[in-house]
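In what follows, a structure is listed as structure tokens, so that the remarks can point back to it.
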Amino acid sequence: SGSSDPYCVVKVDNEVVARTATVWKSLNPFWGEEYTLRLPHGFRSLAVYVLDEDTIGQDDVIGKVSLSRQQISAEPRGVDSWLSLVPVDPDEEVQGEIHLELRVPEQGHPRVLRCHLIEARDLAPRDPSGTSDPFARVLCCGHTLETAVIKKTRFPRWDEVLEFELAEGEPREAVLSVELWDWDIVGKNDFLGRVEFPLDTICTEPTKGWFQLLPFPSGARDRGGQLGALRLAVRLEEDTVLPPPYYQPLIQLLTEPVLCPGQPPAGTALAILEEVTSGDSRQDVATKLVKIFLGQGLAVPLLDYLVTRELARTTDPNTLFRSNSLASKSMEQFMKVVGLPYLHEVLKPVVNRIFEEKKYVELDPGKMELSRGRISFKGSLSEAQVRESSLELLKGYLGDIVDAIVGSVDKCPLLMRVAFKQLRRRVEERFPSEQHEEVRYFAISGFLFLRFFAPAVLTPKLFSLREQHADPRTGRTLLLLAK
């Protein structure tokens with residue numbers, strides 16, 4: 001069809017840790033998905049594979065982007081850019097470790113290198129059964145020896161010793177190479193990974209332990225974006241978590257202006273935080289603050305403090321809470337943490353129906369595909385008929401959504417209701433005149449609808465209302481409903 005159904009798989013050290021939704025029929029997919037991964041301390045690399053989902057047969061691999069730990073760590077604010085996809089070579093897609101011991105006994109002539117191949121673990125599955133038939137091949141000084149084949153396993157145990165006679169004057173730069181292969185009765189064997197050791201190191205002292213399997217030296221070339229490019233934002237954070245008592249002075253510093261509101265507002269820790277943060281960092285700060293204050297049972301007083309400061313700076317009620325201030329971001333995060341189950345209960349039935357019905361809805365004459373509307377016996381529908389049909393559908397969906405919201409008062413979390421009650425009171429105090437009577441309602445609806453319900457209708461996947469992103473037709477319906 002000249003298109004693809006792309007999705008991404010995220011791997012850390014060749015272990016799959018996440019998979020995005022599939023974006024159907026697109027060569028320019030947008031995912032907008034974010035993952036927080038808890039990584040082992042010694043992780044080495046992160047890779048994102050882009051695949052094309054096929055209903056019949058195996059999914060096609062389009063390409064991948066790989067980032068080493070060093071590359072990510074070198075950017076304190078993280079990597080955020082377009083990165084060209086490179087081809088995927090099966091010989092480079094290795095995983096697992098091998099357990100072995102290498103030693104050269106001091107006694108005896110000629111000298112003998114003993115290679116004890118003990119076992120391997122977590123090897124890549126190369127056979128349709130989801131396993132492999134692994135054997136080890138050891139190469140040293142122009143000689144090659146192999147272990148037995150262990151059938152149908154990704155965790156083979158050989159416990160074999162292979163010996164190599166070392167000639168006098170063997171060059172110091174010589175290496176011992178251990179390769180793992182999947183034995184196939186038909187066709188060529190599949191590569192599983194390799195490790196190398198300098199010979200002079202082994203001769204100096206025994207080498208023993210688990211070693212990460214590595215691919216053959218890469219022959220892949222960046223094709224200059226021929227396979228496409230992937231926009232990634234990746235940031236590595238390393239936190240040292242101490243016992244709770246160590247954080248009490250910080251919590252006391254943050255909660256002091258909320259618990260003791262008589263202090264000069266400009267010099268508090270919360271006020272300084274707002275001054276020194278901006279953009280993405282303010283979102284992070286708001287998320288952390290809401291969690292800290294929820295843990296202390298002070299989330300509503302925190303929001304009240306931030307809202308009061310925001311109101312004091314606002315002269316025009318039409319601009320109230322329109323910026324991404326710390327107050328706006330904190331209220332947004334508060335609703336997500338406290339209100340997500342409520343959001344699901346209210347919106348999920350209607351959103352599921354929209355996805356299942358897949359009705360064609362369009363109000364913009366420039367975007368109407370008249371031949372794709374409901375087909376009548378007289379041929380394609382007219383612009384007016386598509387518009388009328390679309391309005392009818394939108395009013396039906398929107399009526400159901402509004403009815404669900406209005407009828408959900410008793411289900412709305414108590415904390416949200418208390419926070420909104422306090423917000424309304426503060427707005428009334430700041431704008432008491434009759435001409436500003438509606439501001440108290442706009443302040444609440446600006447959060448409840450613009451920052452809570454509408455974004456969830458627009459992108460249900462990001463609020464866990466659906467497992468997959470909407471197809472283009474359903475996505476257009478959701479966009480019009482959100483507007």
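Glycine is treated like the rest: Cβ placed from N, Cα and C.
When pLDDT values are averaged over the domain 'C2' (1-83), the model yields 87. Per TrEMBL, domain 'C2' is recorded for 1-83 (among others).
Annotation source TrEMBL lists domain 'C2' at 94-211 (among others).
For 281-483, the entry in TrEMBL reads domain 'Ras-GAP'.
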With a cut-off of 8 Å between Cβ atoms, can you find at least three pairs linking the domain 'C2' (94-211) to the domain 'C2' (1-83)? Only pairs 6 or more residues apart in sequence count. yes
May I have the DSSP-based helix, strand and coil counts for the residues of the domain 'C2' (1-83)? 5 helix, 34 strand, 44 coil
Summarise the domain 'C2' (94-211) by DSSP state, stating how many residues are helix, strand and coil. 6 helix, 59 strand, 53 coil
